[in-house]
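Asks: Got a structure here, written out as structure tokens. Questions coming.
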Amino acid sequence: MTAATLPASAATASVAARVARALRDSEFSQVEAARHIGLDKTKLSKSLSGARRFRIEELSAIAELTGVSLDWLSRGVTTSAAGVEPTVASTPGADAPAAQRASAPAASETRAPSPATASGPVDSAAESSRPGGAKAQRMRARIAEAAWQLFSEWGYHRVRMIDIARQAGISAAGLHYYHTSKREVFDAALQHSAQRLASERAALLQARAPAACAPAEHRALLQSLIEMKIPRGFAARITDADAATPLAGDWSIWLQNYAEIAVGAGSRNQAAGLAADWDAILTACLAAGQRDGAFDLTSPAEAAGQLTIFLDGLVLRTLAGAVDHPHTLIDRYLTDTILTPGLLESDAHTAPAPSARAARTKGEPAS
């Protein structure tokens, strides 16, 4: 399109109102929008107030930024059955992961009915549920699950509040009833992730609690905990050119939080809580294995900390493409630093004598 102003017949005030609505619904402030589209913020302010006409290329940039159509933004023309242009695309945008675009429901499946006509659990205000009531708690969990999925697959900065609302099957007003900002929703998604991980680990510990004097079972439990943290096939997915989102899931959302912490915007408390839960479970696993002779350690707590540092660093190295087979390195690390040397599968129910490595680490001469 050429750099030209809109025709005089265009209702400047209506255009400004539609732009304001698009910015509001997509969670962009005037300053943020001006920066994204390369427009002086004073000019944007004048255009929104009606004192200046938007140029067509400016409207095009705003349409792309907010996810509305240029026809609707410039002329109020819409092709939707309801006659109302949605403020963002009902499915993920063109820059969203391909798998998410392919699996996204149609607009008619995701657009929530208005509070006046809704018959299902849409807006909690319309449902007259208390913020701390059971119904509200279920809705918060539903929102957190939806947000966790979007943040982990798209990234924090590509997700908008309206995207989360649609993913959760509620209206934007319903979402704002529970969470006033995207940062607040992100924190809820982190908490959802932490609780889910804790539940999965607890279930694993209960299901695979090693029998007394069964070193092989302790080793199997440790391997299972590690594979919950770094699944096998992890590196292959990272390097898979066809993978829509190489690192979706818990690793994705927590790495995003760590990056935000680095610039003073993330949740340090959430990260500390997650680390403490993992450390407690891993330390307990190593301590139990040490008692039964499966692990050759002087301090289970120190060993847990060192193993965690190794695993976290290994993930970053794998993401950078420097490691192709992380589990080969994990197996080597366990053999060199944790597993009791010389313990064979056939000796699974026999606790061995203290090893040479244990003697060396305790300051005693090796025999």
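Just so you know, glycine gets a Cβ as well, placed from its N, Cα and C.
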Asks: TrEMBL tags one of 140-159, 160-179, 200-219, 220-239 as DNA-binding region - which one?
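Replies: Going through 140-159, 160-179, 200-219, 220-239 one by one, TrEMBL gives DNA-binding region for 160-179.
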Asks: With DSSP helix as H/G/I and strand as E/B, how many residues of the domain 'HTH cro/C1-type' (29-73) fall in helix, strand and coil?
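Replies: The breakdown for the domain 'HTH cro/C1-type' (29-73) reads 32 helix, 1 strand, 12 coil.
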Asks: Looking only at the domain 'HTH cro/C1-type' (29-73), report the model's average pLDDT.
Replies: 86
Asks: DSSP says what for the domain 'HTH tetR-type' (137-197): how many helix, strand, coil residues?
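Replies: Residue counts for the domain 'HTH tetR-type' (137-197) by secondary structure: 52 helix, 0 strand, 9 coil.
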